[in-house]
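Per TrEMBL, the features are:
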- 1-33: region 'Disordered' (REGION)
- 1-13: compositional bias 'Low complexity' (COMPBIAS)
- 49-67: transmembrane segment (TRANSMEM)
- 87-106: transmembrane segment (TRANSMEM)
- 127-147: transmembrane segment (TRANSMEM)
- 180-198: transmembrane segment (TRANSMEM)
- 225-246: transmembrane segment (TRANSMEM)
- 266-287: transmembrane segment (TRANSMEM)
- 299-321: transmembrane segment (TRANSMEM)
- 355-373: transmembrane segment (TRANSMEM)
- 385-408: transmembrane segment (TRANSMEM)
- 442-467: transmembrane segment (TRANSMEM)
- 479-499: transmembrane segment (TRANSMEM)
- 505-528: transmembrane segment (TRANSMEM)
Amino acid sequence: MATPTTEPLTEPPADVSTEPSAAPGDDPHPALDAAIEPVEPRGSGLDTVVFGVTAAIALAFLAWGLVSTSSLSTASGEGLAWTMTNTGWLFVLTASAFVVFVIWLAMGRFGNIPLGRDDEQPEFRTVSWIAMMFSAGMGIGLMFYGVSEPVSHFATPPPGTGDTGSAQTAMATTLFHWTLHPWAIYAVVGLAIAYGSFRKGRVQLISAAFEPLLGERAHGPAGKVIDMLAIFATLFGSAASLGLGALQIRSGLEIVGGIGTGGNALLVGIIAVLTVAFVLSAVSGVAKGIQWLSNINMVLAVALAVFVFVVGPTVFMLNLLPTALGSYVDQLPEMAARTGAEGAEVSEWLSGWTVFYWAWWLSWTPFVGMFIARISRGRTIRQFVTGVLLVPSLVSLAWFAIFGGAAIKLQQDGVDIAGAGGIESQLFTVLDQFPLATVSSILVMVLVAIFFVSGADAASIVMGSLSEHGAEEPRKPTVVFWGVATGLVAIVMLLAGGADALNGLQSITIIAALPFVLVMVALAVALVKDLSADPLVVRRQYAIEAVEAAVVTGVTEHGDDFVIAVEKDPEA
């Protein structure tokens, strides 16, 4: 019997090349990591088709809303009813599917693929990257819904979930709307942009991510339609956020400033001021100043949360943390499966909560997806998905446990937070029960204003970039146009709601986001096709097939006494 070799078989033979990639300009083998050369946008200046069509439709919408608000209100109500009846299931199904999809990407064979070259290190240290993810998890939505959503579900639980007064159901429903599902939606777009830009060298356009499906057509009419839909999603999503911020600031001025009940004129004035602020920040080149304001805002938000945690029902909040998390995990399948099939009452509830949220998150994906893509260069897909899903979700868990917990405890103790005015005023009602109520209420208004300014200026730049072939620095007139359009659309959306301004925001946001749902589904398909041809995946497949064949041949011809070597095929 032959004696087995005792030499390590993992060392490559001398004639094995260890070069990791092909040189720039070569036509690389699909198993090799190709060097990425800078890619310039395919055009310069304004994309007249993308901008022209989207601007014309936006102006037509504004004219309709300003000339005949009542007919727009009627049309949006009918459109919402049709959307919920016929496509509500689509929002519910796709949102949950995206959670499963990104977890599958992270845990499966694509998880080790880097968002960059094979040997590329992460652009940001892990601590800094987590901090930026933390900032992405904060925003105007948490300020608006931090108190109102948990206490609303506590006082009036979702249809079919039981009696009122269940903190478990209230917190589980809130976390369902603010943790894994929204960030999975963002992760799909972020992954597609990051992989295409840093691994394939594509322009940072939504349409560019469709090259695996459409080929060169991604840069033709089909690609332009995709970018138009991305602009509309961002426009109406930003306008919805601006509307929420204006409602909350108006409520704060009424309560803190003692100005009485403010009407639409006050809302319009607030929107005008915020619009001017974020347009100026977007075009004046004060990026460092805005970044400084954003960082300060994060500190102020944490300070506000710590303040409420200390002066509020601290022990109750701590008890609520594991309760909320456990209830969320326990009720997740039921919440994810809730659709209009359960009746008209459930359908109406979904349109005001779950489907509105999914539509809102979808409308912010071009901006948030691009942000998380830009800060994640060099990360693997597994690291990216883990960070994007967990960090902002933990932020939301802590925020709602503190502010929602304070509101629920006050409600239990007899303070009617749920019935204290509109949703936008409930945070101020909670703060009024604690020391330094005036100071903390003013801080809330400042936080809302800066959160919106620091986010909306970036959103207007994203719309400008989509209007100019993916230019990293779009021209100022384009950015100004989309900034002003955002403010005007917010006004029209609020006015369309009539006495219930929030309903107007929700209805139009859901309708506007519907086409982008289909874009997102196709984007997920394109991403899988792209990843399936990644050099790391191809290389792994080559290795498995080659080694298996070599081992069979070696054992057949030499028993245990053989080594595997690599040499050029003499017949090639």
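Just so it is clear, glycine is given a Cβ too, placed from its N, Cα and C backbone atoms.
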For the transmembrane segment (266-287) against the transmembrane segment (479-499), do we get 3 or more Cβ-Cβ pairs below 8 Å once near-sequence pairs (under 6 apart) are dropped?
-> yes
Which one, 49-67, 127-147, 355-373, 479-499, has the most C-beta pairs under 8 Å toward the transmembrane segment (505-528)?
-> 355-373
Run the contact check on the transmembrane segment (299-321) against the transmembrane segment (479-499): 3 or more C-beta pairs under 8 Å, excluding pairs closer than 6 in sequence.
-> no
Could you tell me what the rest of the chain brings near the transmembrane segment (442-467), counting residues at least six beyond its ends with Cβ under 8 Å?
-> 46-47, 50-51, 54, 138-140, 143-144, 204-206, 227, 230-231, 234-235, 237-238, 241-242, 245, 248-249, 252-253, 256, 274, 277-279, 281-282, 290, 293-294, 296-297, 300-301, 304, 364, 366-367, 370-371, 427-428, 431, 474-475, 478-479, 482-483, 486
Count, for each of 127-147, 180-198, 225-246, 355-373, 479-499, the Cβ pairs lying under 8 Å from the transmembrane segment (87-106), and report the range with the highest count.
-> 180-198
Under 8 Å, at least three CB pairs between the transmembrane segment (355-373) and the transmembrane segment (225-246) (pairs 6 or more apart)?
-> yes
One stretch in 127-147, 180-198, 479-499 has more Cβ pairs under 8 Å to the transmembrane segment (225-246) than the rest, namely 479-499
